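According to Swiss-Prot:
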BINDING   135, 164, 165  S-adenosyl-L-methionine binding site
């Protein structure tokens, strides 16, 4: 279970689960400024610096922050390097997923819990593509307003679906123009770990009901960290943050649901009308040259996510 969550909690970009979108955007911004980036997100830095989510996430934009952390704690620095590399690899993986989907003729996209995802703006979508973004109303409003005020326009027909995924989001999606008879490419990135196990099953059940043959779904699975190890890392990060002077406004780990009976996403999809495959995130990081050898828990497969892709039979 999660100690900071309730069944009806809500958030904006500066609180609770909303702040995790800022964290991920900060990692994308850092990767974008690398000499040979895996991904390019020209809007990530803007979305971070205007969020007001706290100095911790903005500090991640500092190119010298890793060296400062390393001077205090090498293991925490390795984790920071890993987190940045992981987010770059994850983004690259799902960017490729969408490129493959539109190459196959799919023109209807749904990004679940989209947060500060800027794919509707930064990817080169074919004419006639509609991108639906589902998230909390205040999160969607912050992103669209910030980008519009800075002259950024979508590269597809972007439609906001301001609804909590614990509510009747299929009805809200249809009301926004979604056509359940058309093939769709769905994405659940950075989402499943913030859902209880039964809500994860329900989410994929509803996706299946809205997906004709040839539709696709991609997901990042929820990692499973041992409680003792999680607490050790929490204490180390707090010590480093205190030394550097960062205020920790939220404990991301406490926002996640740890359910030992959570279904394996690949197995569940294969048993419910999909053809699913997965690449373990550590394999993807090695393949793309972003693996950090001394990262904590490197020998624990369950501590890292899978990237799953499936097609509706």
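Heads up, the Cβ atoms here are built off N, Cα and C, so glycines get one too.
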* Mapped DSSP class for residue 135 (S-adenosyl-L-methionine binding site), helix or strand or coil -> strand
* Structure fact -> Per DSSP (three-state), residue 164 (S-adenosyl-L-methionine binding site) is coil
* Asked: Rounded to a whole angstrom, what is the largest C-alpha distance between any two of the residues 135, 164, 165 that the record assigns to S-adenosyl-L-methionine?
  -> 7
